Amino acid sequence: MAEVMDLGKDPNGPTHSSTLFVREDGSAMSFYVRPSSAKRRLSTLILHGGGILCRVQKPGAVLLAQPGEALAEASGDFISTQYILDCVERNEKLELEAYRLGLTEQASDPKPGASAEGSTEPEPQPLTGRIAYTDADDVAILTYVKENARSPSSVTGNALWKAMEKSSLTQHSWQSLKDRYLKHLQGQEHKYLLGNAPVSPSSQKLKRKAEQDPEAADSGEPQNKRTPDLPEEECVKGETKENGEADNKLFEEATPELGEAVVDESPDFEIHITMCDGDPPTPEEDSETQPDEEEEEPKVSTQEVGTAIKIIRQLMEKFNLDLSTVTQALLKNSGELEATSSFLESGRRPDGFPIWCRQDDLDLQKDDDDTRNALVKKYGAQNVARRIEFRKK
């Protein structure tokens with residue numbers, strides 16, 4: 001297997017915390033920066049602080065613009081780029097709302113904590129009244145539930161919604177978010193092309209129960225902490241790399257030395273770590289395999305296990321990530337080392353195809369030609385074949 005490049009850090013780079021733009025639950029804050037002369041500098045600061053850059057506006061992303069931009073101030077959806085500079089200068093995460101553009105008249109110094117004495121302008125009053133839900137809000141709610149609700153009781157409890165309110169994905173209170181989901185959005189994921197909700201087996205029963213007594217199911221305890229999903233293909237960590245050859249080394253068998261590294265990505269699907277060589281069979285060859293054929297599982301040598309451990313530790317050190325996050329990245333890239341490294345660095349695979357998601361893993365199990373052809377069109381025949389082999393092992 002090709003050796004991983006030397007992992008060094010630029011001594012002249014930014015010095016602020018590498019987790020400055022990471023939330024308390026471990027998820028990275030997403031930022032969209034409007035084109036400007038300061039975009040490159042801001043991008044460097046955001047990425048060094050553990051944040052994620054989005055190429056397009058998306059639900060949940062913090063929209064950044066420079067003060068004075070008419071369109072940004074008119075919309076009221078943008079945060080001043082000064083927020084990033086102040087966070088870096090103080091090396092702490094500041095309050096976003098103090099930097100929102102265009103909603104209220106602000107003092108000349110927008111920094112939090114600035115004295116308001118002597119100002120003739122009255123203190124801005126809190127927003128009152130009911131805030132209407134937009135399609136973007138609904139998508140943000142459904143996406144958050146899909147990625148964070150780990151059990152049917154999560155959506156009827158309060159912990160999930162309080163956490164969502166704290167994440168500032170929308171401007172609504174947690175009570176309003178919960179009511180919106182239970183009464184209007186639950187079971188409607190297909191209308192937003194989001195696939196099935198993770199709690200769909202009991203959704204109708206829970207909906208009836210929640211409408212009768214929404215507070216009854218609140219356990220008061222947060223759900224088990226889960227490593228957040230890595231950003232989708234339109235969110236990139238830096239500039240996109242040029243396409244290269246996909247590495248044919250896969251990680252597939254478990255290594256006890258690294259401890260438990262199971263990622264709950266799809267039913268009966270655990271990621272195991274080792275390496276195997278050779279190209280996988282094509283989907284056609286795979287479909288011709290007889291069900292009664294038994295293949296002897298290849299044994300893993302101590303040297304291969306040691307190499308796998310070394311590589312994963314290097315990935316963890318290089319990208320400053322924990323074992324669970326690196327393991328999840330390997331899982332989403334079918335264990336391909338080069339693709340995983342490229343994805344962690346730039347947010348994209350070198351072959352240009354997207355990473356695998358839970359819904360497509362479920363579709364891969366269906367015995368349906370149309371579904372399989374759609375997956376081949378989306379991921380490429382070779383990647384589909386590799387995914388099938390990866391799931392088998």
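Backbone N, Cα and C atoms are what each Cβ position is placed from, and that goes for glycine too.
Fair warning: this is a prediction, and the values are worked out from it, not measured in the lab.
Annotation comment: Swiss-Prot describes 223-248 as compositional bias 'Basic and acidic residues'. Per Swiss-Prot, the feature compositional bias 'Acidic residues' maps to 282-297. The annotation SUMO2 cross-link is assigned in Swiss-Prot to K111, K191, K205, K209, K237, K366. Swiss-Prot lists 10-101 with the feature domain 'BRCT'. Annotated domain 'Myb-like' per Swiss-Prot: 125-185, in sequence order. According to Swiss-Prot, the feature N-acetylalanine maps to A2, an assignment based on similarity to another entry. Look at Swiss-Prot and you will find S36, S43, S151, S153, S200, S203 tagged as phosphoserine. Annotated region 'Disordered' per Swiss-Prot: 104-132, 194-248, 272-305, in sequence order. According to Swiss-Prot, the motif 'Nuclear localization signal' annotation covers 377-393.
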Minimal Cβ count within 10 Å, across the modified residues S36, S43, S153, points to S36
Here the recorded positions are S36, S43, K191, K366, and the Cα closest to that of S153 (phosphoserine) is found at K191
For the motif 'Nuclear localization signal' (377-393), give the DSSP counts of helix residues, strand residues and coil residues. 15 helix, 0 strand, 2 coil
List the helix, strand and coil residue totals of the domain 'BRCT' (10-101) as derived from DSSP. 29 helix, 16 strand, 47 coil
Conformational class of S151 (phosphoserine) under the three-state DSSP mapping: coil
Close in space, distant in sequence - K366 (SUMO2 cross-link), Cβ under 8 Å, 6 or more apart: R372
Summarise the model's confidence over the domain 'Myb-like' (125-185) as a mean pLDDT value. 80
Integer Cα-Cα distance in angstrom, S151 (phosphoserine) to S36 (phosphoserine): 43
Taking the Cα atoms as reference points, how far is S36 (phosphoserine) from S43 (phosphoserine) in Å? 11
State which of the following recorded positions has the fewest other Cβ atoms within 10 Å around its Cβ: S151, K191. K191
